[in-house]
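Visitor: So that we are looking at the same thing, I have put the structure below in structure tokens.
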Amino acid sequence: MEKDGRPNWDSPMQFVLACVSYAVGLGNVWRFPYLCQLHGGGGFLIPYLIMLLLEGLPLFYMELAIGQKMRLGSIGAWTSISPYLGGLGLASVVTSLYLCLYYNVINAWSFWYLFHSFQSVLPWGVCPINSNRTGPTEECEVATPTQYFFYRETLNISSSIEEHGGIHTGQALCLVLAWAITYLFIVRGVKSTGKVVYFTATFPYLVLFIYLIRGVTLYGAINGLKYMFTPKMAELANPRAWINAATQIFFSLGLGFGSLIAFASYNQYNNNFQNQAIVVSLINSGTSIFASIVTFAIYGFKATLNYEDCLDRMRILLLNTFDLAEDAISMDSVLEWIEKLNTTYPEQFAQIADKVREGECNLEKELDTAVEGTGLAFIVYSEAIKNMPLPQLWSVLYFFMLLLLGIGSMLGNITAIITPLRDFKIMSRFLAGLVCVFCLLLGLGFTTTSGNYWFTIFNDYAATFSLLFIVLIEVIAVSYIYGIKRFEKDIEDMLGHRPNWYWKIMWAVTSPLLLIGLFIFYIISYIQGGTPTYQAWNKELGESVVTEYPVFGQVFIVLLLVSSVSCVPLTALYAFCRKRKERAYENTKIS
């Protein structure tokens, strides 16, 4: 405890681990590999690392400096800089609240999969028997066992956002468990969080390392690794690759939520946050690359199995159609035989030409199939795990790692809400419990049959546009309202030296211009995108189909976008009116 009564981290290492645990999250495991796959493998690393230097590092450094200097949460810190900027902190709290509402649902899913991993046969490995006990469930046969388990057993999903149903009891209990653990980890503030991060920040690396060893030894893993490390340099000319790289850096480091400001506010005043900002940013990006190597090894395994299954189907089709001997066609010669038979027996081949075209076997095509988000984490990985030896072991390790990554990020998200409120002495004793119970009660809506569609709305819109806006105003406020010179002096006061030219150029020019570009691009994309759509599960087809949001869904999206952003101008207007009223009162008093 310092003289002002504010608790501190026990050591700088605790602070670094808290930042690592917060920044390194599910996005590193399921978003970054997807972007690599989408933009030509290793070629995506070039714009990604450039954006880390131009945007990620400077803004991360800036938020840590503000938190450590002001020793307050986001609302208090920005109000100290200017009463008109208090809305920035409030917008961060609202955005973090939205994130907390749905983020723990992912942890609930991880608990669900973890508990179901302790079975002799993984439940997503086989289709359940139908009610007549005459064969597998029809919906599962049309889809796949992994998809069926996720959409039907885990979510019990409805066919659209307009169809509502009751709460999934199992998911609700898992969500209660996720919030109970979150509460226990934050109940004593940094004193309890500081102890937990030693585990949540380090254990996922152990699991990733184990998975790396297992992944690279899987059959076909080399195909995935070749795909990742063979850059498609043409993607460097694709503006979308650069924008996705900037956005990934931005969200991966957790900028704009207020969590970094809250964490830094518990530092000693002379703590060397500059070195810590560099270390955490590099660890975060390194983890993304490390996780991608693991993911692409598993991609290669899964793609190779799918490719060889396809070749085997083609082989059997050719053998049966042309009445060939069983050993006439090998797996390696299927494609040659297709060309040969097409040329030699064109009329007979024409009878199966449609089947050959539909089932065309292409390893590159299998590797090109990009999957992100929950699809990668809970379907693609599950499908790969079920084909491994000792699948239960790999399943337990994987979902326990996901759980720790999710909980580590949740500690930062909830701290971003609680710290500013504690600064105002609002029910300090019961605050953590009240916030957790409030978020739990609202979060139960995500465990209903249509809950996953609302989850998608929050995931896509609650913390995208608002964060870009918040961080843009933050960097403009520091550079042009608070002033670079004054900010330099504050840093010198804490560190004993001023920031060099790199940091100043980034804060004053480069980062604001990049953020303005991202902000404009987001608005244009939203307008040009037309009516927002979502993936609705069609049980007859056994797949997700693109569906437009109904009017109430579109209105809700607009409210999400506006609610947090509007905090900035409304609070500024309130501060202006209050100041004007005080002046009028003083003038009346004088006269």
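Cβ atoms here come from the backbone N, Cα and C positions, even for glycine.
Per TrEMBL, the feature transmembrane segment maps to 12-32, 44-62, 83-105, 165-186, 198-222, 242-266, 278-299, 396-418, 430-455, 461-484, 505-527, 551-576. Feature annotation from TrEMBL assigns Na(+) binding site to Ala23, Val24, Asn28, Ser252, Asn284, Leu405, Ser409.
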Visitor: Okay, the transmembrane segment (242-266) and the transmembrane segment (461-484): do they have at least three CB pairs under 8 Å, pairs separated by 6 or more?
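Guide: Yes, the transmembrane segment (461-484) contacts the transmembrane segment (242-266).
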Visitor: So which of 44-62, 396-418, 430-455 is most in touch with the transmembrane segment (242-266), counting Cβ pairs under 8 Å?
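Guide: Between the candidates 44-62, 396-418, 430-455, the best contact partner of the transmembrane segment (242-266) is 44-62.
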Visitor: Would you kindly list the residues that approach the transmembrane segment (165-186) from elsewhere in its chain, counting only those six or more residues past its ends and only Cβ-Cβ distances under 8 Å?
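Guide: Residues 104-105, 107-109, 111-112, 115, 154-156, 158, 192-193, 196, 407, 410-411, 414-415, 418, 432-433, 436-437, 439-440, 443-444, 446-451 contact the transmembrane segment (165-186) from elsewhere in the chain.
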Visitor: Among 83-105, 198-222, 278-299, which stretch has the highest count of C-beta pairs below 8 Å with the transmembrane segment (551-576)?
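Guide: Between the candidates 83-105, 198-222, 278-299, the best contact partner of the transmembrane segment (551-576) is 83-105.
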Visitor: Would you kindly check 12-32, 278-299, 430-455 and say which stretch has the most C-beta pairs under 8 angstroms to the transmembrane segment (83-105)?
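Guide: Comparing 12-32, 278-299, 430-455 against the transmembrane segment (83-105), the winner is 430-455.
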Visitor: Does the chain bring the transmembrane segment (505-527) near the transmembrane segment (12-32), so that three or more CB pairs sit under 8 Å (pairs 6 or more apart in sequence)?
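Guide: Taking Cβ pairs at least 6 residues apart, the transmembrane segment (12-32) and the transmembrane segment (505-527) are not in contact, as fewer than 3 fall under 8 Å.
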Visitor: Do the transmembrane segment (396-418) and the transmembrane segment (430-455) come close, with at least three CB pairs under 8 A (pairs 6 or more apart in sequence)?
Guide: yes
Visitor: Just how many other Cβ atoms lie inside 10 Å of the Cβ on Asn28 (Na(+) binding site)?
Guide: 24
Visitor: Output, ordered by sequence, the same-chain residues six or more apart from Ala23 (Na(+) binding site) with a CB under 8 Å from its CB, or 'none'.
Guide: Ser252, Leu253, Gly254, Val280, Ser281, Ile283, Asn284, Gly412
Visitor: In the same chain, who gets a Cβ under 8 Å from the transmembrane segment (198-222) while lying at least 6 residues past its ends?
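Guide: For the transmembrane segment (198-222), the sequence-distant neighbours (Cβ-Cβ under 8 Å, at least 6 residues beyond its ends) are 14, 17-18, 20-21, 24, 287, 290-291, 293-294, 297-298, 300-301, 303-305, 388, 394, 397-398, 400-401, 404-405, 407-408, 411.
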Visitor: In sequence order, what residues of the same chain, 6+ apart, have a Cβ less than 8 Å from the Cβ of Val24 (Na(+) binding site)?
Guide: Ala201, Pro204, Ile283, Asn284, Thr287, Leu405, Gly408
Visitor: Which residues of the chain, 6 or more past the ends of the transmembrane segment (278-299), have a CB below 8 A from one of its CBs?
Guide: 16, 19-20, 23-24, 28-29, 32-33, 36-37, 41, 45, 48-49, 52, 56-57, 60-61, 205, 208, 211-212, 215-216, 218, 221, 224-225, 227-228, 248-249, 252-253, 367, 376, 380-381, 384
Visitor: Using all protein chains in view, find how many other C-beta atoms are within 10 Å of the C-beta of Leu405 (Na(+) binding site).
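Guide: Taking every protein chain into account, the count is 30.
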Visitor: When a 10 Å sphere is centred on the Cβ of Asn284 (Na(+) binding site), how many other Cβ atoms does it contain?
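Guide: Other Cβ atoms within 10 Å of Asn284 (Na(+) binding site): 24.
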Visitor: Neighbour count first, Cβ atoms within 10 Å, every protein chain included; then name which of Ser252, Ser409 tops the list of binding-site residues.
Guide: Ser409
